[in-house]
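Peer 1: Before we start, here is the structure in question, set down as structure tokens.
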Amino acid sequence: MKTDIVIIGAGPVGIFTAFQAGMLDMRCHIIDVLDQAGGQCTALYPEKPIYDIPGYPVITAQKLIEQLMEQSSPFKPVYHLSQKVEKISNNEGESFTVITNIGTEVKCKAVIVAAGNGMFKPNRPPLSGILEYENKSVFYSVNKISDFQDKTIVIAGGGDSAADWTVELSKVAKKIYVIHRRKEFRCTPETRNKLESLEIDGKIELVVPYQLHELAGGNGQLSAVIVKNIASKEEKEISADFLLPFFGLSMNLGPINNWGIQLEHSRIVVDPATLKTSRDRIYAIGDIAIYSGKLKLILNGFAESAMACYDIYKVIHNSPVNFQYSTSKGIHGKEKLP
């Protein structure tokens, strides 16, 4: 198989890159270790609302992925899902062969790594017997908000995920208890204000400074969560239907460590002007890329995608792009607006 660009990672930034490359008449293959496109957006929080996508006051993660796939579809990107890139070999004539764990080989002129946080898994709290409850009444992500209708939920954690899901699930849950080791939450001031309002209204209860201590129940069904005060060691039992621990993700760059690319703090170091890595014709964009002043935002990843694609075009064709706005260029198969 041959193409212009191999994109490693089928998250929102990777999918958008197929569109951006297509606008420059470059073909793409996209490889991802997950069994469906969307990255964390579909794997961990498909119903989570996103508020900072231009033109959308609010859009769910799943809907964003669907829209991005529709946007890129005229350019017919080829997806290789449930596959992990093991090796990127240099060929003669300034090209690569990208090889996956199941033997798929794709020859290309450039590679864009849009692998997000790499291979990830949620951090599991050290609670005895927790495996019995996982995927039954203990979950590390929210796939369907309706599953929590009129339920009592314990949410553990003090970051954005814990705070954001507390706000969202408070719309359907009977009661939410938020367990955190500290009084301060690592979330936006606006979200913190919402938490305080929800607590005043009795929709949630902030249980601080406490940590998870023990689970009670049987046959995979939780009946209570026991928490312990950090200072006094006092224990408190909270009746609950579900526990949602949000303690972040464990990153594993896996084979990326062996690709001969400069890394820093488990990220790929890039030139912020071009998104080039230390290896010629290999680029990195989105959360996996690091440079001074980096903002880990989806919209920033979209901009990085455009910058990388324009530089790749210049490298491949040995000349800069003859720039055209999308309104002038149009998209094959799509009618221009009158």
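Even glycines carry a Cβ here, placed using N, Cα and C.
Heads up, here are the entries from Swiss-Prot:
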{"type": "BINDING", "residues": "Asp32, Gln40, Tyr45, Val85, Phe120, Asp287, Thr327", "note": "FAD binding site"}
Peer 1: Within 10 Å of the Cβ of Phe120 (FAD binding site), how many other Cβ atoms are there?
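Peer 2: Other Cβ atoms found within 10 Å: 18.
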Peer 1: When you measure from the Cβ of Tyr45 (FAD binding site), which residues in the chain that are at least 6 apart have a Cβ under 8 Å away?
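Peer 2: Those within reach of Tyr45 (FAD binding site), by Cβ under 8 Å and sequence separation of 6 or more, are Ala61, Ser141, Val142, Ser161.
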Peer 1: Just jot down the residues in the same chain as Asp287 (FAD binding site), at least 6 apart in sequence, with C-beta under 8 A of its C-beta; none if empty.
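Peer 2: Spatial neighbours, sequence-distant, of Asp287 (FAD binding site): Val13, Gly116, Asn117, Arg267, Lys296, Gly301.
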Peer 1: Output, ordered by sequence, the same-chain residues six or more apart from Gln40 (FAD binding site) with a CB under 8 Å from its CB, or 'none'.
Peer 2: Gly11, Ala61, Gly116, Asn117, Phe120
Peer 1: Tell me the Cβ neighbour count for Val85 (FAD binding site), meaning other Cβ atoms within 10 Å of its Cβ, over all protein chains shown.
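Peer 2: Taking every protein chain into account, the count is 25.
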Peer 1: Name, in the order they occur in the sequence, the residues of the same chain whose CB lies under 8 A from the CB of Asp32 (FAD binding site) and which sit 6 or more residues away.
Peer 2: Ile8, Gly9, Ala10, Gly11, Gly14, Gly39, Tyr79, His80, Leu81, Ser82, Gln83
